[in-house]
């Protein structure tokens with residue numbers, strides 16, 4: 001049953017299986033295990049980014065196609081939902097319509113980019129996506145009468161999904177069962193389903209062809225696979241799933257702006273997460289996202305504790321100052337790439 | 001041989017130019033069902049280029065390629081493959097990071113046109129795996145099915161190269177020096193396989209090969225390419241005996257033979 005859900009994709013390592021189980025249970029019971037707004041926010045971001053990064057891995061790790069437009073598709077999904085909620089009011093119909101339209105728009109856009117640029121050299125496709133994504137970012141920032149420009153859009157979501165709504169009056173395990181909690185579980189289960197769909201796709205006959213293209217596109221063509229068709233379908237699928245994860249973040253944050261969805265910083269984060277976790281394995285995306293987002297969220301706190309305990313040493317305490325967290329984040333990434341060139345999953349599996 | 005039949009594959013004035021250099025020069029040639037044609041010629045004569053034009057890796061500057069009465073000159077590699085033109089490459093050309101079994105399975109899957117199946121589990125299609133393993137056993141690779149291709153020996157990679165071509169179920173099989181770089185005890189495996197394939201009267205085999213004993217034992221016909229031109233075409237015995245071939249292919253100039261006669 002479990003193997004069927006995982007599409008027969010065994011983690012192939014005891015350590016990896018245990019870590020994955022811990023992550024799933026950690027996220028499933030996050031509101032009760034780690035109470036507090038901030039930790040719930042981190043947990044929701046982890047869910048959403050797992051889908052986003054896994055959908056990117058479908059392109060980069062499985063098909064071997066380098067794209068820089070993934071945040072654009074993430075943004076299209078987020079803006080689709082945000083625009084629907086802004087203009088139609090806080091209704092479920094708005095969420096559904098916005099999500100579907102966002103996903104369709106992302107798929108269509110991805111198809112057009114694939115059509116024009118996948119036929120030629122890989123580097124051209126990468127450059128094309130970079131250009132289109134940058135242009136899109138500028139466009140969204142300039143069209144402020146629709147998109148809210150740099151300020152983005154703030155909107156309301158249905159009342160049942162906010163803290164104002166209480167499912168039961170009493171606390172359960174010291175946690176208030178409110179609309180925010182419901183929204184978290186909507187995001188958790190949506191992300192889980194999308195991840196399982198991705199896992200199925202990469203283990204399907206189609207997914208195997210993608211791996212063949214990554215390994216040797218020339219030979220894939222010579223055994224009868226039309227490489228352009230397969231990589232185009234992969235590009236569209238990855239864009240649609242990225243857009244769906246964008247809709248999730250739009251619902252969670254109740255705000256959509258260029259900085260939270262479209263910026264190139266997020267693109268770089270996605271690349272880092274995928275490299276840290278391990279390319280070419282959906283589980284790598286899970287590990288990479290969890291490591292990255294937890295480090296990003298809590299490194300400052302950790303450094304604060306370190307500085308307090310090392311307060312007496314003049315230079316050291318200066319070096320571990322919480323203000324220098326970005327420096328430490330960078331050092332950690334360099335180290336992890338140096339020690340785990342095949343990512344954490346590659347390392348655990350003994351590669 | 002059924003020479004009265006229409007050819008399965010034919011080229012008409014097939015030409016390709018690289019800048020000013022003519023690599024294949026107006027080659028017209030028919031290939032019939034149930035025959036094995038050896039293509040010989042010195043290095044650089046255009047044999048592999050000729051193959052590339054037939055299987056589609058190169059597009060022709062002029063002339064046409066016909067397959068079962070259809071002009072396939074403008075079709076892509078994948079389209080020609082799906083119509084039944086198979087190719088085993090001279091330089092081993094596999095999926096290096098995947099297992100031997102998966103390499104063969106991918107080729108069988110292509111033949112079954114199942115590549116666009118997005119939601120079933122690839123490993124549940126047992127019939128594909130069984131077919132792949134059957135082909136691997138034909139090339140004596142079954143016991144290595146679980147190995148990663150990049151870890152195979154050169155000879156085993158050559159065998160897998162042939163297995164991939166067989167797995168796509170082609171009508172025309174093009175072998176480009178299938179035994180090159182193989183150890184002496186591995187060569188017979190490939191040769192037995194080719195002569196086994198030849199028994200099937202529906203197949204048409206094109207073979208680029210340097211070893212004359214291999215050609216003598218397998219070929220029904222030899223064509224000779226020299227500087228991109230078709231210079232000889234006929235039964236093995238007569239082609240090998242012709243002075244032009246002695247000179248062009250075996251590299252023995254008439255003067256050389258005279259000199260050696262004097263010595």
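Each residue, glycine too, has its Cβ placed from N, Cα and C.
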*According to TrEMBL, which listed range is transmembrane segment: A:68-85, A:158-175?*
A:68-85
_Are the transmembrane segment (A:15-34) and the transmembrane segment (A:233-255) close enough to be called in contact, which here means at least 3 C-beta pairs under 8 A that are separated by 6 or more residues?_
no
*asked:* Any contact between the transmembrane segment (A:267-294) and the transmembrane segment (A:325-341)? By contact I mean 3+ C-beta pairs closer than 8 Å, pairs at least 6 apart along the chain.
replied: yes
*Positions whose Cβ lies under 8 angstroms from the transmembrane segment (A:233-255), at least six residues beyond its ends*: 41, 44-45, 47-49, 51-52, 54-56, 58-59, 62-63, 65, 67, 69-70, 73-82, 85, 95, 98-99, 102-103, 105-107, 109-111, 113-114, 118, 152-157, 161, 183, 186-187, 190-191, 194, 197-198, 201, 206, 210, 261
_For the transmembrane segment (A:92-116), give me same-chain residues lying six or more residues beyond its boundaries with a C-beta closer than 8 angstroms to one of its C-beta atoms, as numbers and ranges._
69, 72-73, 76-85, 125, 128-129, 132, 157-158, 231-232, 235-236, 238-240, 242-244, 246-247, 250-251
*Using a Cβ cut-off of under 8 Å, list the residues of the same chain at least 6 residues beyond the transmembrane segment (A:325-341) that approach it.*
272, 275-276, 278, 291, 295-296, 299-300, 303, 347
